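See structure below.
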Amino acid sequence: MIEIQFYNSLSGRKEKFSPSDPNRVTVYSCGPTVYNFAHIGNLRAFLFVDVLRRSLKLLGYGVDMTMNITDIDDKIIRDSIASKKSIIEFTAPWTKAFFEDLKTVSAEILEHYPKATDSIPEMVDIIQKLQKKGLVYKKDESLYFSIQKFQNYGKLSKIDTSGMKTGTRYDTDEYEKEDVRDFVLWKSPKLEGETSWDTLVGTGRPGWHLECSAMIRKVYGSGVDIHTGGVDLLFPHHENEIAQSEGAFPEESFVKTWLHSEHLLVDGQKMSKSKGNFYTLRDLIQQGLDPKAIRFLLISTHYRSKLNFSTDRIAEASANIRKIQNCLDRILELEPDIKADFYFLFSIPFVQTWKKEFEESLADDLNISKALAVVFESVKQINSLLDTNQSDSKQRIEYIQILAYFDRILGVLNFESKKDLLDSEIDSLIEERQIARKNKDFARSDAIRDQLLAQGILIEDTKEGIRWRKK
């Protein structure tokens, strides 16, 4: 087990990670609101959770991880009423699409995916405890949390509530840091056909912030070691989670370490439907982009840094995967009988060094950029050793194993011996590429080129037309 340093948003600095039980690190991550397909900004946050999970396991920790499904909120109610469907009917296909997207980008399945609507009793229990402590008031049949009565409000977002007017409220789930007010815990129904529950705290449905506090309690019984989410959730969502959970259970630790992933930009701008730069994973795949390249790009920048998503960056990600895969394929050609059940026992000193440096990079607040530098340095050295025939079978097997070890985080490599394409298959792909170029579908054209290059096929434009040859 390797010691980890995480940047804790609560303290504003890197800290030694000290879970309650290293063999069962508890992690809660804010998941999708299932009213539409997740966009690629959401996907970056979900893949950050995947890298966190894979890193904890690689560094010797046991994990017990949860990502919630928000299946009741303002947007879901609005759209379900418009579609004349029940909440369950409306959210089911979007929930299914979320899991399909995770599979497409090779995200590992977590231990728990609770739905908000399955945790109503836990929400009611939290409200009742808050009522007993005088932290709740009623207005227009809805229940609100009085933030001025909670002493530690603002400790995560460092917000100052001293200038706030007493009793100013928000019914909406999302609002800006500059306009802090009391937030709603339990909403009375306002619209015809609005989903609601008859409970001991009244007829209504939960506010968004209450849902996560309740689901954490339902899954773990108390708090967690790590809570993650996008930086846009830090306020008000996570701040309000702290207020609810610590207000109801002041004797318990709610969250030890808060990790927040930064925004994703598209061509240097914030993603927006009005700007025409709003993409889902399915949009990108329809354009011919490789899911592996999408995954690689979304995990390749440190989670606390903004990531710019662009066509050039996707092409760069494809090239980087190809660089690693081509090295692996060279070794597999020499060692075709190697099995993919690796034990990761390394005896070569420089391979041991690569392993150690890779682990140390991840243990430093998931420094993926530094980890990737180790990967590419190892690929460079392995290629050099293969070029000069300076390795035997035993050594080559270790090279395969170290690349497999790296791929426990990357999740983009293929360890099966490469099957050569038939000439007819190559001709068919080249014809498809020509059609794509004619239609100005350059994303698909580039994807086919990358596919052929990965198979060692070079394409040449000549006066007589397109020719291809094997490298």
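The backbone N, Cα and C atoms fix where each Cβ goes, glycine too.
According to Swiss-Prot, the Zn(2+) binding site annotation covers CYS30, CYS212, HIS237, GLU241. CYS30 (Zn(2+) binding site) has a Cβ environment of 23 other Cβ atoms inside 10 Å.
The DSSP breakdown of the motif ''HIGH' region' (32-42) into helical (H, G, I), extended (E, B) and coil residues amounts to 3 helix, 2 strand, 6 coil. The annotation motif ''HIGH' region' is assigned in Swiss-Prot to 32-42.
As a summary of secondary structure, the motif ''KMSKS' region' (270-274) carries 2 helix, 1 strand, 2 coil according to DSSP. If you look up Swiss-Prot, you'll see 270-274 marked as motif ''KMSKS' region'.
Annotation comment: Swiss-Prot describes LYS273 as ATP binding site, evidence class sequence analysis.
Take the mean position of the Cβ atoms of CYS30, CYS212, HIS237, GLU241, the recorded Zn(2+) site; other residues of that chain with a Cβ within 8 Å of it are TRP208, HIS209, GLU211, SER213, HIS227, GLY229, LEU233, HIS238, ASN240.
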